[in-house]
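Annotated features, as they stand in Swiss-Prot:
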BINDING   TYR13, ILE14, ASP33, THR85, THR126, ARG338  NAD(+) binding site
BINDING   ARG160, VAL161, LYS212, ASN216, ARG219, HIS250, ARG252, GLY263, PHE330, LYS331, LYS416  UDP-N-acetyl-alpha-D-mannosaminouronate binding site
ACT_SITE  LYS212  active site, proton donor/acceptor
ACT_SITE  CYS266  active site, nucleophile
Amino acid sequence: MSFETISVIGLGYIGLPTAAAFASRKKKVIGVDVNAHAVETINRGAIHIVEPDLDKVVKIAVEGGYLQAVTKPQAADAFLIAVPTPFKGDHEPDMIFVESAAKSIAPVLKKGDLVILESTSPVGATEQMAQWLAEARPDLSFPQQAGEAADINIAYCPERVLPGQVMVELIQNDRVIGGMTPKCSARASALYKIFLEGECVVTNSRTAEMCKLTENSFRDVNIAFANELSLICDEQGINVWELIRLANRHPRVNILQPGPGVGGHCIAVDPWFIVSQNPQLARLIHTARLVNDGKPLWVVDRVKAAVADCLAASDKRASEVKIACFGLAFKPDIDDLRESPAVGVARLIAEWHVGETLVVEPNVEQLPKSLMGLVTLKDTATALQQADVLVMLVDHKQFKAIKPEDIKQQWIVDTKGVWR
């Protein structure tokens, strides 16, 4: 059965580019999102997120009649679920959005349909999704019941893209395809090959789920090593960026760069999925999470020390000292603030500091709710002119372009080594 109509559930940072990629190959794509503003924006041929080149692809797809956004699922030949999978307060995975998405498409499923879960999920999530669908549609058979003869094929296929490079990597990167049966894997592979130039690597759903978690946990552990080095070097009076540059001249050493912590919807979240299911075994992964989650507190301590030095060297009162935080996104040159340590640092500083806290984030037009009423959003030039203490949190290209002579401040906390 060919895939004439493809539905993508969730039109966020992964879902919308995926929908656009299929639509660019002249497939009819129905994008579904509960956010009415996002749906309206997309149907105008515009986008509600920041991602290079995505706006052009969406505009062409909408104007050509290949991409339509709606708030409720419609019949299709393939459904891709790309909704958030956050964790709860106890770091347990929260699958409520996946469950809701599965139950929303259940009424429109028909024999021969393919359902793919893309959302990063704990091991066993695909099987759980299949169970939810089976309970909602007892008139259809599913892989856990009928194997290769199932009416509905189900697979898990995680994304592997870098924000800011999504429209390139979505097409070029290899894809892990984890079907509940070999037929499920084959059909999922055929679907992605509509736009994929990379290789479809087939496995089972549980291995595919663990593969995604492993990739991001590996990166988290390596970042934790760099962040721990930054703490040690600060204590020992060593420039951590020089140290890493020298150590990386060893042909088998590749230390990552430290920062204010780890953010985003993947690296800061996914390791907890492994830890929650394997608390006694995932000791290294757990420790890395604690190191990275603790780094923002260390940054705030450095800021407090800088303010104390500023007060000791000037005749200003604490209420007169202005602190400027540069960057809120979880990585450079994007607008995504999810799980961003920079947001947490800015909030902690603003809650502690009696003076004004300025924030510079060139990729957003308004502050997140967690910072409203606490900080003031400023442009780069104004912040440099007004602030007494500078805090570099995200190495956006705009910040890297700041000339040394434009920085007059003596008190600087640079978590990214931009002004080293």
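Placed from the backbone N, Cα and C atoms, the Cβ positions cover glycine too.
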TYR13, ASP33, THR85, CYS266, ARG338 screened against PHE330 (UDP-N-acetyl-alpha-D-mannosaminouronate binding site), Cα within 10 Å - retained recorded positions: ARG338
Number of Cβ atoms other than its own within 10 Å, given for THR126 (NAD(+) binding site): 28
Spatial neighbour of THR85 (NAD(+) binding site) that is closest, considering only the recorded positions ARG160, ARG219, ARG252, CYS266 and their CA atoms: CYS266
CB within-chain contacts under 8 A for ILE14 (NAD(+) binding site), separation at least 6: ALA82, GLU118, GLU159, VAL161, VAL166
Site with most surrounding Cβ atoms, counting all protein chains shown within 10 Å, from the binding-site residues TYR13, PHE330: PHE330
ARG160, LYS416 as binding-site residues, winner by CB count within 10 A: LYS416
ASP33 (NAD(+) binding site) and LYS212 (UDP-N-acetyl-alpha-D-mannosaminouronate binding site), Cα-Cα, nearest whole angstrom: 24
ARG160 (UDP-N-acetyl-alpha-D-mannosaminouronate binding site) versus recorded positions TYR13, ASP33, THR126, CYS266 - nearest by Cα: CYS266
Where THR126 (NAD(+) binding site) sits in the secondary structure, as DSSP reduces it to three classes: helix
THR126 (NAD(+) binding site) versus the residue listed as 'active site, nucleophile' - Cα distance in angstrom: 18
Length of the line joining the Cα atoms of ASP33 (NAD(+) binding site) and ARG219 (UDP-N-acetyl-alpha-D-mannosaminouronate binding site), in Å: 30
